[in-house]
């Protein structure tokens, strides 16, 4: 026959075992936190890979773009062909044969909202290409690095948005660096400089129009940029023929 002390000891032992089992079984509830952290890390790695890939391809694009412009100095045609190539690739990816990407579902309202974005995108794209045809690629991108300053000033004076003082102070070294680069550029060209400046302004308005007009419209970033490129191409084609035209291209092709 068990004493009261033994009974108490056995009861305490069972309670301790139950507590251990409960704690062990309850531990999986902590696992979602580990899974969440692991998922966030994978997402950050994926974004980093996208960023590095974009940067590397952008470098290659600028180098070959400059080579083309040196041999065949027609920036309007070059801009048009770039948009045409991108548009063609996306159209092929939407076909039922390849089915690489899901074709976007659009309507008239979508294209109306996209129109001002496409106009600004077209101006910015052509202006940047014109700039690269006149000056070094490095100089064009130094001037284009001032885009955050344009964004702040446009938002402040056209949209009435206010920014804290540190934001304005952070623009001082950007503006100063661009001014120093322009003042010390050995092969300075006003057309090249103004092309980069116009490109900055156009891309700022593109971002503003995109944020306002496309709000609430569900579409992947890739499909959105594809639609933007297609519409910009249609806008640019008549201006390309008007500004340069087949006669200039034929003469330039013989000299190239």
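Including glycine, each Cβ sits where the backbone N, Cα and C put it.
Remember, predicted model here, so these are calculated numbers, not experimental data.
Look at TrEMBL and you will find 46-249 tagged as domain 'Sugar phosphate transporter'.
Here TrEMBL flags 47-64 (among others) as transmembrane segment.
Taken from TrEMBL, the feature transmembrane segment covers 76-95 (among others).
Counting same-chain residues at least six beyond the ends of the transmembrane segment (165-184), those with a Cβ under 8 angstroms from any Cβ of the stretch are 139, 142-143, 145-146, 148-149, 152, 193. As annotated by TrEMBL, transmembrane segment applies to 165-184 (among others).
Positions annotated as transmembrane segment by TrEMBL: 190-209 (among others).
Sequence-distant contacts of the transmembrane segment (221-243), counting only residues of its own chain at least 6 positions beyond either end whose CB sits under 8 Å from a CB of the stretch, comprise 76-77, 79-80, 83-84, 86-87, 90-91, 101-104, 106, 110-111, 114-115, 117-119, 121-122, 125-126, 214. Taken from TrEMBL, the feature transmembrane segment applies to 221-243 (among others).
Here the domain 'Sugar phosphate transporter' (46-249) returns a mean pLDDT of 91 for the predicted model.
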